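Annotated features, as they stand in TrEMBL:
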TRANSMEM  20-41  transmembrane segment
TRANSMEM  357-390  transmembrane segment
TRANSMEM  417-436  transmembrane segment
TRANSMEM  496-529  transmembrane segment
TRANSMEM  536-558  transmembrane segment
TRANSMEM  592-614  transmembrane segment
Amino acid sequence: MGLLSDPNRRRALIGLLTRLNAPICVVCYMAGVAWFMGLAFEPFTLRTYMSENAMGSTMVEERFPAGERALATGREFAAHKKKTGGMPVDWLVKTMQSRGLEVFTQRFSRRLPFPDEDKERYMVKGTNVYGILRAPRAPRTEALVLSAPCTAGDHNNQAVGLLLGLAQYFRNQVYWAKDIIFLVNEHDLIGMQAWLEGYHHTNTTGMDWSPLQGRGGSIQAALSLELSSDVVTSLDLVLEGLNGQLPNLDLANLFYAFCQKIGVLCTTQGKLQRNDWDSVSGYSHAVQTMMLMAMKQASGRPWGDHGLFLRYHIEAATIKGINSFRQYKTDATTVGRLLEGMYRKLNNLLERLHQSYFFYLMSSLSHFVSIGYYMPAFGLLGVILLLRALDLWVQLASPPPRTEDGVVDAEQVSSPGVLSVLTPLVISHLTGAALYTLPIHFQEMAVEHFPVSETEAVVLTAIAVYTAGLALPHNTNRLLTGQGTEQGWKVLKLVAVLYLAVLLGCTALINFSLGFILALTLVPVAAFVTPNVPKVLSAFVLVVLSPACTLLFSVFFFQELQEMPVSFLDGWMLYLSVISQGILDHALYGSLVYPLVALLVYPCWLLFWNILFWK
C-alpha cells in the first residue's frame, strides 16, 4: 500500500511498467501458454476422489443377470423400428407396461430455420416414450433418469434393449428411494429438448410439444446410454454440455470407480489412460486428451443428450460404448451391472451433487485440473491487456511534447472528437448485428438468385457479411470525420482493449476453454496493432488471427487431435458445416457461441482493424 500511496514511488512504478511494457507482455504471453501446456503433466494435476459422502463407497453387490435377454429385446426393437420406418411407439408402450412401469408419450414437432443437411431433416415430428418406476420407499419427490435415443438405422438398438432390461430388473427391487424414469427419445437432441421443456413447463426454443401426462419428482441426475453393438471394448464418458457446461465431477468419479471395480476399460475423449506419464509419449497423450476436452467445451454444443439436462441444473453424462479392434470385450450383462451400481449409489443421495467441482479439465479419468489451477493461464494473458491499457492511459495523460522554440505541437494538443471514436464503435456493432440476423433472413432471397441450397445460402451469407465488414469501419470513419488525430486512435484503442479484457474475462468465467482460445488469438492483435506498423503485413496477421480464421484452424487442429486428419478441401467443407451447425444449435437449443462471436467478439476485432487503417 505504501508503494501506491507514495506519489514518487507510484510514478516510478508506472514508469517502469510503461518502459518495459512490450517485454513484460511477451513474457506473460509465453508464460500463459506454457502454464496451460503444463497442466497436463501428471505431477501438476490432482487425482480424482469422491467428495460426496453418500457415494463414497462402491460396496454394493450388482446382480443384473439379463444381458442376453436385453440384447434379444434390442433386436426385437430393431425389427419393429424397421417395420414402422421410425420409432415403434405402440410396441414400446406395451413393452414398458409389461414391465410394470407407468407409461406416457409426448408428441412434438419443430420446423428448423433451415434444413439440417448433416441429418437430412427440415420439418421434424416425433414421439417420446417414457416409463416411470415409482419409488416404493420414499414420498416420490426426487427422480433419476436413464435415457436412450432412438436413432435412424441400426444405431443404438442395444441401448434401448438394455434400458428395457434394466427397467424390468429395477422393478423387482425394493430399495429405490427415488423415482426412476426410463426415456426413449426420438430425433436425439430435439426430442430430448421437447421432453425437458415439457417436464419443467418451459418453452425457451419455440418448439411445439404436447404436455406431459405423467411426471416424477425433481430430477437429481441423468445418464444417456449409447450402445450400437452386442459387445464393447470400452466405455467412453462424455461430459461436455450446452455452452460448455460440465456436470459435477463426482458423477465422473462414480463412473470411473465402478469401471475400476467391475474391470471395464473406460475412456474419456475416446482415449485410454496411460501410466507412463513421465515419458514424452505419455505427456503428449495427456495433452491431447485435455485439448480435446477444451475444444469440445469451447464449441458450446451439447455432445450428447445429457448436454441439455445441465441447463436445468441436473447432473448428467453420456456413456458411449466403443467396439474397436481390441481383444478385450465387455458384454451387455457387465454394462448393465455397471449402470445398476451407479444408480444404486445415486439412489443414496440426500441432496443434489454439489460437493465436488463444476469447473475442471480432465487429462484422464483419474486426474483433473481444477479452476484454481487453469485460471492463472488465462490471467497471464489478461494481464497483457491491462498493461497495454495502462500504457495508453499514461500516454494520453502525459503533457504533449514541445518544439525547440517551446511551442506545443497543435496535432498533439487537439483532442479527439466524439464522432471519431463513437463512429467505428457503432458501425462495428451494427456489422455484428447484421452478421447475426441476415444469414437466416436472407436465405430465401439467396436461393432464388443463386444455385445453392438453403444451408449453403445461410453459410455463404454469413461469410459475405463477415468479409464486407472489413471495409466498413475505417471508411465510414474517414467519410464522416475526416482525418483522425494521434490522440483519437489511442482513445479508441484504450476503449477496445478494455472492452476486450472485460469480454474475455466474462467468457472465461462461463466457458474457460472458449475464453482461453479467443485470448490466444485476440490478445496479440490488441497488443501490437497501431496505425504506424506496416499495413500489408499487419493486415495479413490480423486476418489470420481473426475469429473466422481461428475457427478454421480449430477445425483442422481438432481433426489432428482425433487422429483423423483431413485434406484442405475436406477441412473446408467441414468448416462450412461447423458454421451452419453453430447457427442451428443457437436456434434449436440456445447455444450462445454464435451470438457471442457475431455480436461481441467480431465487432471488438473490427475496432482493432479500424485502428490499423486509422487516417
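Any Cβ shown, glycine's included, is placed from N, Cα and C.
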- Restricting to the same chain and to residues at least six past its boundaries, which positions have a Cβ under 8 Å from a Cβ of the transmembrane segment (20-41)? 277, 283, 286-287, 289-290, 361, 363, 369, 373-374, 376-381, 383-384, 387-388, 390-391, 516, 519-520, 523-524, 527
- Non-local residues, at least 6 beyond the ends, that sit with Cβ under 8 Å of the transmembrane segment (536-558): 292, 295, 298, 463, 466, 517-518, 521-522, 524-525, 528-529, 565-566, 571, 574-575, 578-579, 597, 601-602, 605, 608-609, 612
- Top stretch by Cβ pairs under 8 Å to the transmembrane segment (592-614) (candidates 357-390, 417-436, 496-529) is 417-436
